[in-house]
Amino acid sequence: MPSFKTLDDLSDIRGKRVLVRVDLNVPVKDGKVTDTTRIERVAPTILELSEKGAKVILLAHFGRPKDGPSPELSLSLIAPSVEEVLDHAVSTASDCIGEAAASAVAAMNDGDILLLENTRFHKGEEKNDPDFTKALAANGDIYVNDAFSAAHRAHASTEGLAHHLPAYAGRTMQAELEALEKGLGDPARPVVAIVGGAKVSTKIDLLMNLVKKVDALVIGGGMANTFIAARGTNVGKSLCEHDLAETARQIMIEAATSGCAIILPEDGVIAREFKAGAANETVDIDAIPADAMVLDVGPKSVQAISAWIERASTLVWNGPLGAFEIEPFDAATVGAAKYAAERTTAGKLTSVAGGGDTVSALNHAGVADDFTYVSTAGGAFLEWMEGKELPGVAVLNAAR
């Protein structure tokens, strides 16, 4: 089990300057925040520290600035939404280091919340530059990392600061790490993984790691076609990476060696065009017409997947089973997700899901709140599933 300090380990922090790394990389349209999910996720940590009398100093990046500061990527655009979610005044500073930051921090009272400017306005952030890290650390007494979604990056505000200040995991980071530990670290068995999405090429490391750790691996989405084709079955005009047939075979061999069952679709929903309401039919997977494409797994496959979910004590899910954005090719994803949610709410399954499309798919199915844990961290969640060490997490464990 990862061992890290949490807010429970912080005693008297009244008047202490607490630097909190948060993820405020939210979508903005016409100057307005369109989705406050990430702000809502970090609110408990911020408010807990504020209520305990700390001076709460928020560090975050926003977008990918190319050459220093740019007004459209200023965190001052996000501040009103942060205030709204927290229902608490939030002041801002025009920089995250130097005189502007120092004077804003000096003006704080106990319990105040200050949002410093975009850390990526300085090249030292992404380079994890020691001088830049020291300049950030100068404004704090304690460091709290609550940005799991940026933990796969060894940047100054996500990794470097933990070498300069006492380091703790915030509540979101803590919840994420505890959920992930239940998912793959030390899970209740049997463990079933569902991996979908379009391409095998983006998930080779993930699949290779999972077959060594789970009892069954369900492969869906466009990537299933690559595995089906690798077995010598014609997949018609379906999305398929034929050049990765050998990679798919290697993954299947590794699975057999590790005692992991690979579950591929038995049937598929096919169409001749990729559009909502397109004429479609369900065929066995070895009867795909040459002029058709598979856009979802079929009902027999969903039954088989549900049977594996029923057997499982733990489910890890990344990626949709079909082209869920377009009806009726959302049926398999919705069906399997609803069954997993049902088992979870009945207390019979620990279900952990993550990755951008996965969150959208579970929201589409209306069951995201019924899973044990749904991670909003894209890249960090995938790298964790690939078995890679995350710098932002490793440094918290070291700080223990």
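Glycine is treated like the rest: Cβ placed from N, Cα and C.
As written in Swiss-Prot, here are the features:
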BINDING   Asp23, Leu24, Asn25, Arg38, His61, Phe62, Gly63, Arg64, Arg120, Arg153  substrate binding site
BINDING   Lys203, Glu325, Gly355, Gly356, Asp357, Thr358  ATP binding site
Entry from the binding-site residues list Asp23, Glu325, Asp357 having the most other CB atoms no farther than 10 A: Asp23
Lys203 (ATP binding site) and Arg120 (substrate binding site), distance between Cα atoms, whole Å: 28
Site of maximum Cβ density within 10 Å, from binding-site residues Asn25, Thr358: Thr358
Three-state secondary structure, which DSSP defines for Arg120 (substrate binding site): helix
Among Gly63, Gly355, Gly356 [binding-site residues], residue with fewest other Cβ within 10 Å: Gly63
Neighbouring C-beta atoms (10 Å sphere around the C-beta of His61 (substrate binding site)): 26
Span of the substrate site, taken as the largest CA to CA distance across Asp23, Leu24, Asn25, Arg38, His61, Phe62, Gly63, Arg64, Arg120, Arg153 (Å, rounded to a whole number): 18
Set of same-chain residues at least 6 away whose C-beta sits under 8 angstroms from Lys203 (ATP binding site): Val195, Gly197, Met223, Asn318, Gly319, Leu382
Rounded Cα separation (Å) that holds between Thr358 (ATP binding site) and Asn25 (substrate binding site): 19
Cα-to-Cα gap, Gly356 (ATP binding site) vs Asn25 (substrate binding site), nearest whole Å: 14
Candidates Glu325, Gly355, Asp357 (binding-site residues) - the one closest to Asp23 (substrate binding site) by CA: Gly355
